[in-house]
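Take a look at the structure set out below.
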Amino acid sequence: MSQPNQIHNALYLAFQRLQWAGLRESVPLTLSENDLADLRGINEKISLSEVTDIYLPLSRLLNLNVGAKQQRGLALNEFLGHVPPKRPYIISIAGSVAVGKSTTARILQALLSHWPEHPKVDLITTDGFLYPLAELKRRGLLQRKGFPESYDMKALVEFISAIKAGEATVSSPIYSHITYDRIPDEQQWIRQPDILIIEGLNVLQTGQDSPVDTQRPFVSDFVDFSIYVDANESLLKKWYIDRFLQFRTGAFSSENSYFHHYSKLGDKEATATASNIWDTINGPNLTLNILPTRERAHLILQKGPDHLMDQVLLRK
């Protein structure tokens with residue numbers, strides 16, 4: 001980790017992989033190899049042993065936290081003498097491009113939905129709240145896509161606050177990684193889930209990170225439990241390049257893909273292109289905006305080579 005170890009020692013309890021795996025207790029494995037195949041991201045090699053060692057203990061921890069919040073809600077209901085609208089428990093997952101946030105989110109969604117106390121678990125990504133492509137071009141932000149200023153933060157905060165207020169139905173824009181843009185006239189509908197997982201680059205950001213809007217609410221103000229998926233930048237860059245090369249022969253080959261022109265690149269040229277994108281966009285965004293929020297997370301999942309978790313840090 002790039003932050004001094006003494007900071008982590010002060011803020012977190014550290015668990016090596018085997019120590020963390022021992023906290024699973026009797027939580028059953030509810031995913032099959034076929035289930036896991038559907039949840040894996042591009043170029044990720046997550047196995048059932050990874051689910052057993054890392055994600056089952058985490059699902060147990062989250063279940064305990066959700067249960068504690070539900071009990072506090074019952075006590076408040078008794079005190080107030082009425083039952084307020086159902087408010088979901090909100091989990092955020094942050095981290096760099098290519099670190100595997102989406103896979104982590106999907107696995108947790110699948111595992112948490114098997115707990116009888118909270119069977120309805122929804123998942124959204126903040127990608128849908130990126131400004132439309134035309135608006136990014138108008139604002140001169142196309143080369144800063146993924147940076148905080150490229151998101152419609154007002155709409156994102158309004159969405160998450162409506163969820164937290166217990167509104168019956170709330171909609172979120174849907175993003176296409178093929179067209180590199182929002183899908184017009186399509187929405188994801190959230191209808192009072194027990195748990196909402198929100199995954200994105202900047203979901204740990206606070207007013208301290210915004211020199212302009214220091215007083216307005218941020219997504220992090222509405223989150224009950226936050227997770228940061230971490231890895232050394234050299235690994236992140238390698239994973240990004242590997243994923244780019246996979247997309248070149250996969251998603252980029254579609255004529256509808258915004259990046260279709262990349263599908264015609266040879267290996268050497270494609271590698272150089274991906275490396276340049278990392279060095280000019282994703283790397284600086286990580287350094288300036290994403291990594292500085294890491295120590296705000298309740299839990300840090302530290303990855304080593306091959307996307308395998310080797311350490312878990314739990315906030316004291």
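Cβ atoms are placed via backbone N, Cα and C, with glycine included.
Features reported for this protein in Swiss-Prot:
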BINDING   Gly95, Ser96, Val97, Ala98, Val99, Gly100, Lys101, Ser102  ATP binding site
Query raised in the report: Sequence gap of 6 or more, C-beta under 8 Å: which same-chain residues meet both conditions with respect to Ala98 (ATP binding site)?
Result: Leu236, Lys237, Trp239, Tyr240, Arg243, Asn282
Report summary line: Reading the DSSP string in three states, the entry for Gly95 (ATP binding site) is strand
**Report entry** Site of maximum Cβ density within 10 Å, from binding-site residues Ser96, Ser102
**Finding:** Ser96
Requested in this report: For the recorded ATP site, whose residues are Gly95, Ser96, Val97, Ala98, Val99, Gly100, Lys101, Ser102, find every other residue on that chain with a C-beta no more than 8 angstroms from the centre of their C-beta atoms, and list them by sequence position.
Outcome: Val229, Leu236
Report task. Based on DSSP, name the secondary structure state of Gly100 (ATP binding site): helix, strand or coil. Result -> coil
